[in-house]
Amino acid sequence: MPLTDAPRDLLALATRLALEAGVELLGRQAGLSVEQAQTKSSGTDPVSAADRASERLIVTGLAAERPKDGVLGEEGARTASVSGLTWVIDPLDGTVNYLYGRPDWCVSIAVEDGEGALAGVVHQPTTGITWSAVRGAGATRDGRPLQLRTSRGLAEALVATGFSYLADRRAEQAEYLGRVLPGVRDLRRGGSAALDLCSVADGTADAYYEHVIQPWDVAAGALIAREAGATTVGGPGTPLPGGLLAAPAGLAEALLGLLDPSRKRVA
Ligand code: IPD
Ligand code: CA
Ligand code: CA
């Protein structure tokens with residue numbers, strides 16, 4: 001029976017495919033190393049057979065259930081949308097961690113309409129944890145509702161961030177880092193933007209920012225963070241035109257003040 005456009009049905013499909021992709025990725029991890037991977041934007045930006053197999057599995061599943069929807073996948077899947085809905089997929093976020101045998105990697109799937117992300121799921125196969133959200137209906141971690149309660153001040157904030165694969169961009173990111181690091185509790189570089197955003201949503205970090213980020217890295221995670229109560233700032237016309245910041249509102253403003261010293265400091 002074909003699925004309806006109800007966000008809950010779309011989320012159920014995304015969740016099923018993320019879990020299936022997770023099984024596929026777990027099965028391949030032991031056999032892969034960073035030396036076997038090919039590279040993309042730079043010599044340290046790997047893409048493995050596992051990234052491609054995961055994307056294939058997800059795209060095939062979507063085509064079977066949602067043939068009129070568009071697809072934007074990191075590893076090249078591109079289908080124009082007829083229905084008005086588009087799936088944005090990072091089939092393996094945290095590829096470097098995956099290829100080094102580290103646990104912090106995930107599958108990220110979101111579905112967007114004309115107003116942005118409508119539903120999204122981030123699944124971490126090594127722990128079995130699944131975060132998800134539907135726009136306007138809240139976020140959950142393994143089915144339990146998420147709601148940010150505390151908003152720490154800047155000096156007490158644990159801030160997750162990430163870096164580009166390109167050396168020039170990293171040099172710029174190091175400048176931002178030099179301003180942020182002295183002003184916060186500490187920084188974390190986990191290696192998966194999607195998991196960083198989920199950590200803001202479930203309170204295992206206070207904030208996340210990254211200066212250059214792609215839609216598939218953040219489509220699901222940003223929705224999950226927002227639905228848990230975080231403010232997100234990023235994209236054209238914002239102080240982070242190519243990036244994203246997620247934090248409780250007061251902390252977001254304070255962090256923007258550190259990232260852009262021309263901005264008025266509020267905390
Ligand atoms: C990367 C991770 C990383 C972030 C990079 C992303 P990938 O995605 O999310 O944490 O800092 O900007 O490109 O390459 O592992 O899918
Ligand atoms: Ca990614
Ligand atoms: Ca990826």
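Each Cβ is built from the backbone N, Cα and C atoms, and glycine gets one as well.
When Leu57, Leu62, Leu85, Leu92 are compared with the Mg(2+) 1 site residues Glu74, Asp217 in TrEMBL, the one appearing in that site is Leu92. Note: the CA-CA distance between Asp217 (Mg(2+) 1 binding site) and Asp90 (Mg(2+) 2 binding site) rounds to 6 Å. Proximity of Asp90 (Mg(2+) 2 binding site) to non-local residues of its own chain (separation of 6 or more, Cβ distance below 8 Å) is seen for Gly73, Glu74, Val107, Ser108, Ile109, Ala194, Trp216, Asp217, Ala219, given in sequence order.
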